[in-house]
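Annotated features in TrEMBL:
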- A:20-41: transmembrane segment (TRANSMEM)
- A:53-71: transmembrane segment (TRANSMEM)
- A:C65, A:H69: Cu cation binding site (BINDING)
- A:83-109: transmembrane segment (TRANSMEM)
- A:N470, A:A471, A:V472, A:K473, A:D517, A:K533, A:S548, A:L552: ADP binding site (BINDING)
- A:615-730: domain 'Response regulatory' (DOMAIN)
- A:D663: 4-aspartylphosphate (MOD_RES)
Amino acid sequence: MESCNCVDPQWPPEELLMKYQYISDFFIALAYFSIPLELIYFVKKSAVFPYRWVLVQFGAFIVLCGATHLINLWTFTMHSRTVAIVMTVAKVLTAVVSCATALMLVHIIPDLLSVKTRELILKNKAAELDREMGLIRTQEETGRHVRMLTHEIRSTLDRHTILKTTLVELGRTLALEECALWMPTRTGLELQLSYTLRQQNPVGYTVPIHLPVVNKIFSSNRAVKISPNCPLARIRPFAGKYMPGEVVAVRVPLLHLSNFQINDWPELSTKRYALMVLMLPSDSARQWHAYELELVEVVADQVAVALSHAAILEESMRARDLLMEQNVALDLARREAETAIRARNDFLAVMNHEMRTPMHAIIALSSLLQETELAPEQRLMVETILKSSNLLATLINDVLDLSRLEDGSLQLDLGTFNLHSVFWEVLNLIKPIASVKRLAVTLNLAPDLPEYAIGDEKRLMQAILNVVGNAVKFSKEGNISITAFVAKPDSLRDLHFPDFFPVPSDNHFYLRVQVKDEGLGINPQDIPKLFTKFAQSQSLATRNSSGSGLGLAICKRFVNLMEGHIWIESEGLGKGCTAIFVVKLGILERSNESKLPFLPKMPPIHGQTTFAGLKVILMDDNGVSRTITKGLLVHLGCDVTTVSSSDECLRVVSQDHNVVFVDVCMPDGFEVAIRIHEKFTKRHERPLIVALTANTNKVTKENCMRVGMDGVILKPVSVDKMRGVLSDLLEHRVLFEAM
Amino acid sequence: MDVGQMQRTWVEYTKSLFREGFLDAQFTQLQLLQDESNPDFVVEVVSLFFEDSERLLNDLARALDQQIVDFKRVDAHVHQLKGSSSSIGAQRVKNACIAFRNFCEEQNSEACLKCLHQVQQEYYLVKNKLETLIRLEQQIVAAGGSIPIEELSF
């Protein structure tokens, strides 16, 4: 019974109201029934809805409400008791369900609200993450830019390319309008515009370095925003009215090679800086972002490093070029020196032999001549010839000796000798000359001076003789005293030679010899020149004296070789002088003497000693030479076996043989020595090996020593020489004749 | 000629040899080695020297005659000859050998030939002299005298 739309004014008012109620109830019921349907529909549609049970409850509640209203429709008219019961039941149920729902809602609504808050939080978080991602992306891009820039910059070691590339890449990355680099000038007082991006040839703008803005930039290692109006930024001509873009400046440290000390890191405190200025495009609303500033700072640091690498490389290239030049020069010098030395050695080799031979002939023949019958004038002439030639021979020997001393090839012939007798011999030699000049010579040997010593007897005597000879030469009258004693440690510290600290030890002692004369004396100024070669003081008195001026020089060399010192003291002309030298000698210990048990004890005097029973092998491939040497040895009483090859020698040699003489001009001369060493490993079983050679050069001697020879003798050998050699050899087990 | 005269002649002759440089002090050493136990030492050595030198000189002549001269071999021979002559005291031969060796080093075959001739000349000279000397000695010994080596005072 729908309400018809015609208005019936005949209805009683109560019926109208009831009609309206009837209609509303109907619609309510309809709505109440459709709501759950809608709910079910939409819930089914959505996948997420956690409150199904609530929904069911709610649905039930609604449905029952709807049912209540629906049933209400029947209560407008007369209705049966059933309807009333149904209505009551429906109402009761509705009440129950609605209460339950109400109770349920109390639980549910907070949950629902909290869902809302959570949703809000999540939304916030999402927004944050978005922001952060944006940041990371920009950072990563910055990083990429920096890497690319760095790569560009570091791919070259040329300073200009580095700087240009920096500016170009920065300009590109940051889309700059202008980018410029100001470098400090040599004076350090100004900054000069060196490189720009857009302008090709920057005119030499300069800016004083002590501007406050410059100081501000230099004192911070961050990029600093500066005003576009400051002189650093006013690079481009101001064309047109526009808003200049923001400008940023950053310092670029210029590291020097000297900054990198080995032990500490470069200090950036007192360094030079360059300045980089970057300008954003004008008339754009762009501002400097933080990440862009960071990029600029990083780049500035990289540029500094790249520049310093370039600078280091330049330096090292320069140094290398210099070194190469020096090398070439040194090489040349060395070759020249070598040529000179070779030439000198060749000269010496020739002179050695060639000069001595005629000298020997002259001396020999003059002495022969002396023996014959001569008229007095002839005798005088011959004596002069003899004297002069002796002098010449001495001179030649001296010069040759000195050259050898200089090139270091002279070595001392160490041996045991009687120290006392050396001095007595010198005295004997000098006494005749001294007595002619009516000079008295006294010798004073300290009581603690050892009788025997180890050293080079010949050269020590030469030195003493030289010094004493000088004393005699330069004295016209008076007394010459020679004192020799063992130098004590405190007295060894002489004022003249503060660096000379001779330390006596158990094996050595220092011999000090003082020769004092009362002669002409020496000007103290001339004393240093005394030991120079060929220099002679030009005073009148000495002009007549003979001598080449080499004596003291050679003396000094000998003394130095003996690890000593020589000096001369004089109070002045006419006041005499004292020559003092100190040399190091070895102390003879009795236990060091080696005795050969299978030989009869040989007295060390050179008399008619024979070497009876000495078994000797002689190896020489020259028949004549071999026969002669054999004859010599036989004459001295040796038992000689001759061989002419190294194989034969090794077959024959045994422990019983004492000495093997080898002519080292033979091709296998040296080889036989090595093989003998291999055959006899124990020293006391091995025979002594002695080389015979006509060759006087150092190389032969060195070769002999290298293959383990015990001695070298110069041919030709005379009977006396061989005798002396054999006795020396057997006493000392070593003999290296001075060559 | 009596022994004394022969001895004097011998002394003079020997001295002249030294004077003229044919012999040097080494020869004296040889003479000193001659004693009762070894009475013919000098003669033996001298004969050995003659043999050796003649052989070496022949070898040298042959070597230098080749188309391509083996200077090493030549040098080796000259070295031997120098050794022998210096051992015996034949001074001039020795000096000639020294000069010869220098030219060997330079590998100058013409000069070497000239040197060879020089050496040969010196050798024959000294051979002649030594033979005379030995003949004198033999005469003295045959006459019952002894060789007055002591009179060669040096």
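Heads up, the Cβ atoms here are built off N, Cα and C, so glycines get one too.
Shown in sequence order, A:M619, A:D620, A:D621, A:N622, A:S625, A:G669, A:A691, A:L692, A:T693 are the residues of the chain, 6+ apart in sequence, with a C-beta less than 8 angstroms from the C-beta of A:D663 (4-aspartylphosphate). Neighbour counts were taken as the number of other C-beta atoms within 10 angstroms of each residue's C-beta; across the binding-site residues A:H69, A:K473, the minimum falls on A:K473. In terms of DSSP helix, strand and coil, the domain 'Response regulatory' (A:615-730) has 52 helix, 25 strand, 39 coil. Counting in whole angstrom, A:N470 (ADP binding site) lies 154 from A:C65 (Cu cation binding site) by their C-alpha atoms. Sequence-distant contacts of A:L552 (ADP binding site), defined by Cβ-Cβ distance under 8 angstroms and a gap of at least six in the same chain, are A:N466, A:N470, A:L530, A:F531. Under 8 Å, Cβ to Cβ, and six or more positions away along its own chain, A:C65 (Cu cation binding site) finds A:I28, A:Y32, A:T94, A:S98.
Across the structure, A:A471 (ADP binding site) and A:H69 (Cu cation binding site) are spaced 161 Å apart at their Cα atoms. For A:N470 (ADP binding site), the Cβ neighbour count at a 10 Å cut-off comes to 22, with all displayed protein chains included.
Each of the binding-site residues A:A471, A:V472 was ranked by the number of other C-beta atoms within 10 Å, and first place falls to A:A471. Take the CB of A:D517 (ADP binding site) and look out to 10 A: across all protein chains shown you find 27 other CB atoms. For the domain 'Response regulatory' (A:615-730), the model gives a mean pLDDT of 83. In the three-state DSSP assignment, the secondary structure recorded for A:L552 (ADP binding site) is helix. DSSP assigns A:D517 (ADP binding site) to a strand.
Between the CA atoms of A:H69 (Cu cation binding site) and A:D517 (ADP binding site) there is a gap of 161 Å, rounded to the nearest whole number.
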